[in-house]
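S.K.: Sharing the features that TrEMBL gives for it:
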DOMAIN    4-182  domain 'Guanylate kinase-like'
BINDING   Gly11, Pro12, Ser13, Gly14, Val15, Gly16, Lys17, Gly18  ATP binding site
Amino acid sequence: MQLGRLIVLTGPSGVGKGTLLRSLLQRHPELYFSVSATTRAPRGGEIYGRHYYFTSREQFQEMIKNGELLEWAEFAGNCYGTPRKAVEAQIAQGQSVILEIELEGARQIKQTFPAALRIFILPPSEAELERRIRSRGTDSEEAIARRLRRAKEEIAAANEFDIQIVNDDLEKTLDRLEAAVFSIS
Ligand code: ADP
Ligand code: 5GP
C-alpha cells in the first residue's frame with residue numbers, strides 16, 4: 001500500500017493556521033489532523049483530545065523520555081509536541097497527516113521526515129498579525145508580547161519552507177492551501 005503524506009503547517013501564532021485548518025478539514029475529512037500534547041492551559045472552548053492533549057510538565061517530560069514524541073518544542077513558556085504513534089500508524093495505512101506546529105518542531109520534522117511537505121503561512125503585515133492575535137481575545141498582554149517577538153523570528157525563517165502562502169483573504173488562502181496540499185495548481 002502507498003504511504004500517506006506528512007504535511008506540516010507552520011507560521012506565527014495568530015496568522016490563522018487553526019482557522020485555515022478547520023476549513024481544510026471540513027473540505028477534506030479524509031485528512032488526519034494530528035492532535036498535539038501541550039502543557040498550556042486550555043483556552044475557553046478547547047476540548048481535550050480534539051484541540052490538544054493537555055498535560056502536566058511531568059507527563060510531558062515522561063513522553064519525551066519514553067520517545068513518544070515525533071518532535072517537540074518550547075513555545076512562549078509552554079511545551080508542545082506531536083504524539084508519534086498515531087501519526088506513524090496513519091501514514092503506514094496510506095492516510096495523509098497534517099501537523100500544525102511551530103518553527104523548531106518543523107525543523108525537526110525536516111530531519112526525521114525529509115519527504116514531508118512543509119508549508120509556511122505568512123500574515124499580510126505585522127500590524128495585521130497583532131490585530132488578529134488581539135481579536136482572538138484569549139491571550140494576556142504578556143503572552144501577546146511574547147508571541148509577537150517570536151513571530152518576527154519565525155517570519156524570518158519562512159524561506160526554509162517548501163511553500164509560502166500569505167493569509168490575506170481567507171477563502172483565497174484556503175484555495176491556495178488546498179492546491180498546495182494536493183499539489184494541484
Ligand atoms: P493561529 O492558529 O495561527 O494561532 P487563528 O486561526 O487562531 O491563528 O487565527 C487568529 C485570529 O485571526 C482569529 O480571530 C481568526 O478568526 C482571525 N483570522 C484568521 N484568518 C484570517 C483572515 N484571512 N482574515 C482576517 N482574520 C483572520
Ligand atoms: P497555541 O498556544 O496558540 O495553540 O500554539 C502555539 C504554537 O504552538 C503554535 O505556533 C502552534 O502551531 C504550535 N504547536 C502546536 N502544537 C505543536 C506541536 O505538537 N509541536 C510543536 N513544535 N508546536 C506546536
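Here the Cβ of each residue, glycine as well, is placed from N, Cα and C on the backbone.
Just tell me what is around each of these and how deep it sits.
M.R.: All protein chains shown were included, and the count of other CB atoms within 10 Å of the CB of Lys17 (ATP binding site) stands at 21.
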S.K.: Give the sequence-ordered list of residues that share a chain with Pro12 (ATP binding site), lie 6 or more positions from it, and have CB atoms under 8 Å from its CB.
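M.R.: Non-local contacts for Pro12 (ATP binding site): Pro123, Leu129, Arg147, Arg150, Ala151, Glu154, Ile155.
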S.K.: Using the Cβ center of Gly11, Pro12, Ser13, Gly14, Val15, Gly16, Lys17, Gly18 as the ATP site position, which other residues in that chain lie within 8 Å, going by their Cβ?
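M.R.: Those within range, site residues removed, are Ile121, Pro123, Leu129, Arg132, Asn167.
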